[in-house]
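Asker: Sharing a structure with you now.
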Amino acid sequence: MNPNQKIITIGSICMVVGIISLILQIGNIVSIWISHSIQTGNQNHTGTCNQSIITYKNSTWVNQTYVNISNTNVVAGKDTTSVILAGNSSLCPIRGWAIYSKDNGVRIGSKGDVFVIREPFISCSHLECRTFFLTQGALLNDKHSNGTVKDRSPYRALMSCPVGEAPSPYNSRFESVAWSASACHDGMGWLTIGISGPDDGAVAVLKYNGIITETIKSWRKEILRTQESECVCVNGSCFTIMTDGPSGGPASYKIFKIEKGKVTKSIELDAPNSHYEECSCYPDTSKVMCVCRDNWHGSNRPWVSFDQNLDYQMGYICSGVFGDNPRPKDGKGSCGPVYVDGANGVKGFSYRYGNGVWIGRTKSNSSRQGFEMIWDPNGWTETDSNFFMKQDVVAVTDWSGYSGSFVQHPELTGLDCMRPCFWVELIRGRPKENTIWTSGSSISFCGVNSDTVDWSWPDGAELPFTIDK
């Protein structure tokens with residue numbers, strides 16, 4: 001074969017290979033286009049499960065442990081449209097308290113990523129209940145948990161997570177920078193109140209649906225503070241109480257009316273011989289009832305009730321079953337402050353039913369241990385110490401702490417009344433235990449008109465942790 005023939009032969013072979021390659025590329029493009037068309041046609045699949053509409057997009061591997069679901073729209077039997085929480089229902093009749101949640105945060109935090117917290121509380125919208133809490137900007141069993149016994153620091157923040165879940169960086173939502181806080185839902189959005197700053201000039205930052213709407217400056221320049229539990233929304237307006245002034249003497253107490261995050265009215269209570277801190281508030285037939293902590297001189301709890309115009313009445317729970325800690329043995333009550341063991345105190349709550357009252361309190365008279373609910377059928381107005389029933393929820397040998405009220409509106413429960421509920425903080429660590437940190441978990445209960453049980457639901461963590469050794 002002469003050189004020209006070789007050149008022609010090699011060129012022909014190259015041309016054939018090129019044509020074959022081109023055909024393969026065209027086939028590949030056609031195949032990809034057909035495959036993409038099929039996937040696009042089947043990308044959205046809508047299924048009905050018990051009248052709940054669930055839309056899945058992208059790939060779902062049902063027969064494997066890993067499920068990749070993104071861009072998911074779930075409507076599970078709840079109307080997600082906004083409503084106005086009326087707050088005009090009366091409290092549901094109840095016979096006792098059923099366990100609602102327990103997060104086991106400290107137990108889980110010995111090995112998992114769980115926030116160091118205190119002052120947890122629960123608040124519900126018409127769609128869900130969330131646990132709010134004040135973090136210390138640190139995780140359990142980590143070096144930054146050292147010294148978290150301190151109440152006020154620039155690292156503290158109000159965050160929230162689904163009720164019953166341990167508060168971690170993976171399930172929690174930032175709400176506000178705060179070392180004192182409150183939050184509530186009016187049916188259209190979340191109002192959060194976060195207080196931060198120096199003791200002599202702290203500022204409360206109000207947010208509505210995450211956007212700053214108002215600020216309130218400390219007016220007495222002596223540790224402005226608020227409820228550490230939920231505020232109350234009635235017919236589109238939300239209400240909260242703040243305190244500014246001494247913790248062991250007369251201070252200043254203000255009620256604020258807030259609409260969509262903006263203060264529309266406020267009044268200062270005329271209470272020269274009373275002390276109101278860390279109030280636990282709830283709606284009842286369009287009014288607001290708050291039961292508070294007297295840290296000055298009362299071992300029974302002060303209360304204030306007000307309407308939407310902020311016209312108020314005030315007093316102390318009269319019962320000889322005393323609700324604060326420390327406190328004397330049950331005995332003769334008073335409709336004013338009971339001065340015996342009246343100094344200091346702990347956040348707590350009660351629910352009024354006519355002349356009767358459900359009193360939540362520690363089981364110990366002198367330390368934050370144990371927790372019980374007591375029904376005194378005449379305790380709101382009478383001073384004797386007789387009561388009808390008692391339900392134990394934390395044993396006296398186990399640690400408790402703050403407690404507070406929250407309600408579930410008819411728009412959430414479907415009932416025709418306001419369901420009363422409460423939470424209990426289970427404090428662990430310093431100053432009572434040999435750790436470098438202070439944190440806690442929480443339990444909660446809701447009132448039911450059916451059978452309940454006495455038991456103890458303690459924190460249950462085994463201390464010290466690795467970081468403490």
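Cβ coordinates are placed from backbone N, Cα and C, and glycine is handled just like the others.
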Asker: Considering the Ca(2+) binding residues ASP294, GLY298, ASN344 given in Swiss-Prot, which of ASP284, ASP311, ASP324, ASP330 is annotated for that site as well?
Answerer: ASP324
Asker: CYS290, CYS292: which one closes the disulfide with CYS281 in Swiss-Prot?
Answerer: CYS290
Asker: Looking only at CYS231, CYS238, which is named in Swiss-Prot as the disulfide mate of CYS233?
Answerer: CYS238
Asker: Per Swiss-Prot, which of ARG107, ARG130, ARG293, ARG352 sits in the substrate site along with ARG118, ARG152, GLU277, GLU278, ARG368?
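Answerer: Checking ARG107, ARG130, ARG293, ARG352 against Swiss-Prot: the substrate site match is ARG293.
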Asker: In Swiss-Prot's disulfide listing, CYS417 is paired with one of CYS49, CYS92, CYS124. Which one?
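Answerer: Among CYS49, CYS92, CYS124, the cysteine that Swiss-Prot links to CYS417 by a disulfide bond is CYS92.
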Asker: If you check Swiss-Prot, which of CYS184, CYS279 bonds to CYS231 via a disulphide?
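Answerer: If we follow Swiss-Prot, the cysteine bonded to CYS231 turns out to be CYS184.
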Asker: Give the residue from the disulfide-bonded residues CYS184, CYS292 that has the most other Cβ atoms within 10 Å of its Cβ, counting over every protein chain displayed.
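Answerer: Compared across CYS184, CYS292, the most Cβ atoms within 10 Å surround CYS292.
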Asker: Report the same-chain neighbours of CYS281 (disulfide bond): residues 6+ apart in sequence with Cβ closer than 8 Å to its Cβ, ordered by sequence.
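Answerer: Those within reach of CYS281 (disulfide bond), by Cβ under 8 Å and sequence separation of 6 or more, are GLN227, SER229, GLU230, CYS231, VAL232, PHE239, THR240, ILE241, VAL288, MET289, CYS290, VAL291, SER405.
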Asker: Measure from the Cα of CYS238 (disulfide bond) to the Cα of every one of the disulfide-bonded residues CYS124, CYS129, CYS292, then give the nearest.
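Answerer: Result for CYS238 (disulfide bond): the nearest of the disulfide-bonded residues is CYS124.
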Asker: Using Cα coordinates, what distance in whole Å links CYS92 (disulfide bond) and CYS446 (disulfide bond)?
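Answerer: The separation of the Cα atoms works out to 10 Å.
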Asker: Three states by DSSP: which one describes CYS233 (disulfide bond)?
Answerer: strand
